[in-house]
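S.K.: I'd like to ask you about the structure that follows.
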Amino acid sequence: MVRSSRLRMRSWMAVIVQFSATCVAASARPFVALSPFDGADAFGRRLECTNGPRGGAQIEYNPNYKKFPTLNDLDVDGFHSRASPRSPSRSNRHRPPPLTEVVRNYLVALHDFSPTLSCGVVSSIVVYMLWQFEASTSIARFLREHFQCNRYNAIRMRRFHVVILSAFSHATFHHLAVNVYAYLTFGRSVKRVLECYGISLWPLVISSAILGNLAFLAFDNGHGSCIGLSGVTLSLLAFDALIHPTKELRMFVSFIPLRISAYHLYLVLLGVSAMGILGIDVLERGSIAHSTHLGGLVCGSLFFEAFQRGWLQRAKKAYNAHWRS
């Protein structure tokens with residue numbers, strides 16, 4: 001009796017040990033344990049089975065298990081070089097747009113912000129390109145007659161439009177690049193101030209071109225010609241410096257980086273231009289029209305004074321009331 005109970009106890013212990021080993025193998029490996037009685041699941045479906053690594057139990061591979069790559073897989077199968085193909089839209093997203101599209105978008109955005117600035121830049125570039133065809137007799141004669149401000153054209157030939165058109169004329173690329181950069185830099189700042197009061201930018205640009213060239217005609221010795229946006233850019237600089245006197249400007253003077261406040265630069269340019277008219281050329285460059293620069297600075301200062309006193313705002317209201325009535 002005692003012996004039979006011991007045998008029965010040992011058989012139950014063997015069953016428990018085998019069942020525990022099967023459960024441990026199923027939890028440690030990506031397999032699912034099957035019934036030891038048949039090769040079918042609970043629904044009677046036939047399963048492909050194989051012997052497990054422990055205990056000889058029937059097991060099935062887990063279909064949801066994803067094998068991790070080993071070093072051998074990386075070397076033999078080229079796993080590291082395989083990549084999902086990128087869609088054309090995603091690859092083109094990081095490709096830079098063509099230069100022509102960038103320039104066109106910039107000019108469109110600039111025109112939406114200020115037609116005065118965009119027209120001034122485009123006109124300066126077009127006239128500069130025409131100056132490169134100076135070998136053509138007809139083009140060179142046309143430019144000298146209508147895009148150069150001198151006493152012969154403005155007074156003797158009565159081509160009064162040269163006091164405006166000559167401001168958008170540049171013969172060298174360096175002259176064009178410096179003036180256009182300053183024109184856009186200070187023009188944007190002045191535009192943001194004036195548009196808050198409903199005042200346009202073009203009256204300041206046109207008046208500074210006229211006053212700068214008139215100053216050149218008044219102080220010139222009668223043998224030179226004046227071209228370029230220098231008078232207009234200095235007029236914008238003067239207005240911006242008087243509005244924002246503490247603004248810090250960064251520039252290069254003979255390849256030396258320099259930081260200076262806008263108001264101090266305004267005073268320096270005012271003094272250099274005044275001494276240049278008196279014959280004291282501080283910069284030692286005879287090709288600089290100091291009278292045009294002084295005329296632009298004076299025009300910007302007067303425009304700022306009219307703005308501060310409210311004369312421009314009242315003139316704007318009177319103009320709108322006249323044309324609406």
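Counting begins at 1 with the first residue displayed.
A Cβ is built for glycine as well, from the same backbone N, Cα and C atoms used for every other residue.
Straight from TrEMBL, here's the annotation block:
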type     : residues : note
DOMAIN   : 161-303  : domain 'Peptidase S54 rhomboid'
SIGNAL   : 1-28     : signal peptide
TRANSMEM : 160-184  : transmembrane segment
TRANSMEM : 199-219  : transmembrane segment
TRANSMEM : 226-243  : transmembrane segment
TRANSMEM : 263-283  : transmembrane segment
S.K.: How about long-range neighbours of the transmembrane segment (160-184): same chain, 6 or more residues beyond its ends, C-beta under 8 Å?
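M.R.: Residues 110, 117, 120-121, 123-125, 127-128, 131, 143, 146-150, 153-154, 206, 209-210, 212-214, 217, 225-233, 236-237.
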S.K.: Express the predicted model's confidence over the domain 'Peptidase S54 rhomboid' (161-303) as a mean pLDDT, rounded to an integer.
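M.R.: It averages 91.
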S.K.: In the domain 'Peptidase S54 rhomboid' (161-303), how many residues does DSSP assign to helix, to strand and to coil?
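M.R.: With helix first, then strand, then coil, the domain 'Peptidase S54 rhomboid' (161-303) has 92 helix, 13 strand, 38 coil.
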